[in-house]
Structure formats: structure tokens, C-alpha cells
Amino acid sequence: MSAQYTATAKALHWGIAVLIFGMLGLGFYMTGLSLSPTKLQLYSWHKWAGVTLFLLVVLRLAWRFAHRPPALPRHMAPIERFAAHAGHHLLYVLMFAIPLTGWLMSSAKGFQTVWFGVVPIPDLLDKDKALGDLLQTVHLSLNFALIAVLLGHVGAALKHHFIDKDDVLTRMLPHRLH
Amino acid sequence: MKRIALALLSTLALATVAHAAEYNQVQADKSRIAFSYQQMGVSMDGSFKNFSSQLRFDPAAPEAAAAAIEVELASIDTGSDEGDEEAAAKTWFNTKDFPQARFESTAVKALGGNRYEVAGKLTIKGTTRDVVVPATFAQQGDAGVFDGSLTIKRGDFSVGEGAWKAFDIVANDVEIKFHITATAR
């Protein structure tokens, strides 16, 4: 029983997971659209969700520091332990950096982020087209990196479940599912 | 005789002063026409790079003042290339058929202090409407500086048609701000 994640950690993990997959899909879809009211609306939603995601990640990091997660299974080799820790660190860094670059890119491009159209997020950067384009490239590249790390993350979870047959996947599942 | 000569002289002097204070040479590099609007609750800014204006304004005789401003709509700067292209398209300004927007004053009223009210006709995309523009005048060195703003409804001029016609994404209200510097000849 002690090997389970806390209910809060699980809720944050799955909530953020759903948001990240939705945001990846939305992000790649909306950037390909030609300018229309729909496009502007999707961009606004993307930015609102990005701010929300960032706050959830901050909450999650705070929870993570205050609550030690269950230990890795004993059967794991040192290289596997290293890969697991490195992967999780990378995920946290990317979940933190991607919304930040999105917000900075918006500022540099001259489009302020107003959370849900109500709460204005200050612009840290002044309007600067070249910087905006650079940040767009950074935002996109970080997302490609995120996709790569996520593939590793999901792949590793499935390997633990189906090949190693340990509890690494199930201890993150909602209580009634296992 | 002496009295008449004095009166004549002072009239002449006044006329010279009045003439000297007529601001009529617009300094394009020190003038600016910008606009702002709301897009899903977010305040957006833009400007027009090219416009020409003629004006004459004498603070001693504001009622005789007149102004005409012609804005090259294709010179719009919305902050993004795709925004600039969209603004020039048929649904927005349709710059191919209506390359310029034009304001022409019909009457100028002094409101006291440095405040004035400029009534005139504003033409955008083939629609002409009567507008009243509040403006201020300030003397800066040997130049006169005019500042003011006017909020129009883009729907009144069919700016933003088709998919853009609703105001839920791009608001109906557009504030036009101008800053015009003119010197006396």
C-alpha cells in the first residue's frame, strides 16, 4: 500500500497528462490554420490552457518536494535508475519551460496573455519581432523534445507493466482501477 | 491722425502675429496615426505607416481651422504579417478598391483651454459618416502639436465582414489615436 502515489499526485499527473496531449494537438493544429476568428479563438484558448498548465506544474512541483514518491523497484539496474531520474527531471524542466517560452513569445510578438480574457499576465518582454520569432522556434523545439521524452515515459511505463510485471504503472493509476 | 496710424499699425501687427501662428506645415516624421481594439479581452495596438495630411490652425482663430487626413490603409502595421495581409483583404479594408481612408473637417469649435472639437466627415471603405473628434493643441517650440482620439465602430464601415462580422473575437469599438506635429510657414 505504501508503494502507491498520493491521490493528489495522481490527480495532478493525469490532469496534466490530459492537458499536455490536448495542448500538443491544439498547438500543432492551430498554427497551420490561416487567419480567421476561429484561429484567434484557438490561440486564446491555447494561451489560457498554457497558463493553467503552468500553475498546475508549479503546484505539482511543490507537492513533489513535500511528498517523497514511492521508490523505484529493486530489480532496476543503475543505468535504468539513471534513465528514470533523468527522464523525470527532463519532463519537469520541459513542463516548466514550455509554457514560459509560450508566454514570452506572445509578449515579444505583441500579443499580451490575458488568462481567460480576465486576468492580464504582465508582459516581461517588449515587442520585438526577431526575438518573437526566435522564441517561437524555441517553443516548438522544446515541444519536439517533450514528445520524445513522453514517448520514452509511456514506453517505460508499458515496459514496467508488461515485461517487468512490476507496479510502476499501477501505483500511478486511480485507486479503483487496480 | 496719430490715433488712426496707431490703430492701423496695431492691426497690422496683430495680423502679422496671427499669420505667423498659423500652423500649416505637417511634419510627417513627427506625426503618427495609431489604433487600438480589444481581441478576446486583450488590448491590441497597431498603426498606419503612411498618411498625408493638410491642416491650418491658428490658435487665435480656431474656428477658421481646417484639416484633411488621408491614410494609406495598406500601410497598416497590426504587429504580424498575416494580420497585415488580412487587414488589406476584401473582408476588412479591401484596399484594392478602397486604398485610402479620409477625414475632412467641416467645423472646429474651441472648448476652452487647449481643447477643441473637430467635426468632420470620415470615409472608410466607401462609407462616409459624420464624426466629432476631440483634440488638444500644444505649442512645443516653434511647432504645434495636435493630439486626440476617436472611437468608431468598425461595423459602421463594414470593416470586418463574413466570418469577422461578429464582435465576439474582434470587438466593434476601435479607438483611433492621432499625434500630428505642424510648424508655421
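Even glycines carry a Cβ here, placed using N, Cα and C.
Because TrEMBL annotations are produced automatically, they should be read as predictions rather than curated entries.
TrEMBL annotations:
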DOMAIN    A:5-174  domain 'Cytochrome b561 bacterial/Ni-hydrogenase'
TRANSMEM  A:12-33  transmembrane segment
TRANSMEM  A:45-63  transmembrane segment
TRANSMEM  A:83-105  transmembrane segment
TRANSMEM  A:138-158  transmembrane segment
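Long-range neighbours of the transmembrane segment (A:45-63) within the same chain, counting only residues 6 or more positions beyond its ends whose Cβ lies under 8 Å from a Cβ of the stretch, are 6, 8-9, 12-13, 15-16, 19-20, 22-23, 26-27, 30, 92, 95-96, 98-100, 102-103, 106, 113, 115-117, 121. Long-range contacts of the transmembrane segment (A:83-105) within the same chain, counting only residues at least 6 positions beyond its ends with a Cβ under 8 Å from a Cβ of the stretch, are 16, 20, 46-47, 50-51, 53-54, 57, 61, 72, 76, 113, 121, 124-125, 132, 135-136, 138-139, 142-143, 145-146, 149-150, 152-153, 156. Beyond its flanks by at least six residues, the transmembrane segment (A:12-33) meets 5, 39, 42-43, 45-46, 49-50, 52-53, 56-57, 59-60, 63, 95, 143, 146-147, 150, 172, 174 of its own chain at Cβ-Cβ distances under 8 Å.
Confidence annotation: the domain 'Cytochrome b561 bacterial/Ni-hydrogenase' (A:5-174) carries a mean pLDDT of 96 in the model.
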